[in-house]
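Quick notes on the structure that follows.
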Amino acid sequence: MGIDGDPAAGPPAEQTVVHRNGNHETGSNGEVKTEEKNSGATIFCPEDEYTNDGSVDFHGNPANRKKSGGWKAAPFILGNECCERLAYYGINTNLVNYLTDGLKQGNAQATKNVNNWSGTCYITPLIGAFLADSYFGRYKIIAVFSIIYFIGMVLLTISASVPGLKPPCFNSKDADCHASTSQTGVFFLSLYLIALGTGGIKPCVSSFGADQFDEMHDVEKKKKSSFFNWFYFSINIGALISSSVLVYIQDNVGWGWGFGVPTVAMGIAITSFFSGTALYRHQKPGGSPLTRVAQVIVASVRKWAYPVPHDKSLLYEVQDKESAIQGSRKLDHTDGFLFLDKAALETENDKSEAGLINPWRLCTVTQVEELKGVIRILPIWATGIIFATVYSQMGTLFVEQGDLMDIRIGPHFKIPPASLSIFDTLSVIFWVPVYDRLIVPIARKFTGHQRGFTQLQRMGIGLVISISSMVVAAIVEIKRLDLVKKHNYYKLEHMPMSIFWQVPQYFLIGCAEVFTFIGQLEFFYDQAPDAMRSFMSALSLTTVALGNYLSSLLVTIVTDVTTKDGKTGWIPNNLNYGHIDYFFWLLAILSVLNFLAYLLIAHWYTYKRPVGTELSK
């Protein structure tokens, strides 16, 4: 039987594992109980033989801890992520140049097309996540969408290599040279197949990797926290290769090879993923989360006139040891949003004549707590938008600031200002092992927390570091403008101030990512309802897109306000006459306000409480 088979199917030798709330029932001596099918006798198997979080193997049987998951399976997922990110950034990093040089699009049109495609890549994960959580599981969605991704990559490489499909305008000075409709069509078809492919991978692969670690087991729970660190490390290894080696190939060797190498990398990613199939643990899909949310809301509204009992044990919950939601543990009742508890209040109208419960009139406590959990996560999610706005400056104002600085290294070599983002990547690669191997053990001695910091503390530290990056960027710009005024460098294309003055601001953002972005990965996995983890991971990704949109909105507002009455404004075409330091200070102030709001939200936040487990933070 496949991974969508009966989760209660037992281990070999005619034994079935007794589950409690999606976990294995344990005896007084800490061993896992099993029951003999025919005799009914209870025997005991070693505590560590099977996982306690309800995960199953590829055949639908309870996952054997020693034969599946953990760091035996995780390297295949990390290899997949590293190669897939190499492929993605191999396209994204230099795509605007392909559009302007190959398809002869104008700067505005090319920028619009890149933004549209990038935005789509952060919207399609909502589709993949919904399908994974609701019907098919993470493994199948990653597998199918990876193949779609690879088909798009192959088609993209063909469109840049095969005569007739390859745009004829490269290196052409003819202003009337344009790609044909069919050439443009094939190119954008391949590009949006890739965007669709990312929709199945982005929200699922980090959650699927975390599924390999049993969060009901203390040792594996620690390893899961470490997994998220190395997962983000893998992303940045792929990004580092893309922003250096692949950009050079595309600019100096050709776009056929420039797209061909990422295609090979995606092929390796798929091979790596399928190679670990026999070792993976799987969490079963739990049905449509949107339907469950709607049922709680409708049932609560229908019972708006009923008072919520003081004794919360009177609220409805199934008597079975497992949750009524497949793939989810039972959740304890939590205070707050008490109106929603009305959905679990039993009344005489909740059952049909046949005695069946109407799910649009009566919901379980676990189902109500799912919705409460999502509501509590949303404010934390919202505070990530300002952080993403700061992060987005690396691709915009940081580059424009660097354009006016001294980009020479020696007498002959010039460094492209956009390439300085490599120091962000190097910062992440540096800080991940430092955090995992040095900071966490030291912090653990002071806090007593197994992760060193709680997830909310970790994200908060990253928010503070991001503020410092904006402060440093503003100070660098103040110094640059002082030199411009002092020596009258207004008309110089590159003033004699080294671009490497920007390194600290890139390095600080990389450090902030290690705390906030990785903290978000872990937080959204741990605190999301068990049967909604892919969907909540997809939701966390939308902060990146919204951060970019907010940055664009702020630029528009600042430009409109500061150019009134014929003034130059903060962000003119020639930044030597402007004040982007003011814009950096604005972002720093917004980040401080965002951090203060985050502190209030974090203080108010109530962690998810699965039945029979300690409070997880």
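Just so you know, glycine gets a Cβ as well, placed from its N, Cα and C.
TrEMBL annotations: computationally assigned, not manually curated.
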**OP:** Choose the correct range: of 255-280, 411-436, which one does TrEMBL annotate as transmembrane segment? Give that range.
**Re:** 255-280
Original post:
Considering only Cβ pairs under 8 Å, which range in 141-165, 226-249, 377-398, 498-518 makes the most contacts with the transmembrane segment (582-601)?
Top reply: 377-398
Original post:
Out of 141-165, 459-478, 498-518, which stretch touches the transmembrane segment (185-205) the most, going by CB pairs under 8 Å?
Top reply: 141-165
**OP:** State, in range form, which of 141-165, 255-280, 377-398, 539-562 has the highest count of Cβ pairs under 8 Å to the transmembrane segment (498-518).
**Re:** 377-398
**OP:** Residue list, the transmembrane segment (377-398) vs rest of chain: Cβ under 8 Å, 6 or more residues beyond ends.
**Re:** 417-418, 420-421, 424, 456, 459, 462-463, 466, 469-470, 473, 502, 505-506, 509, 512-513, 516, 520, 523-524, 527-528, 536, 539-540, 543-544, 546-548, 550-551, 554, 571, 580, 583-584, 587, 590-591, 594, 597-598, 601-602, 605
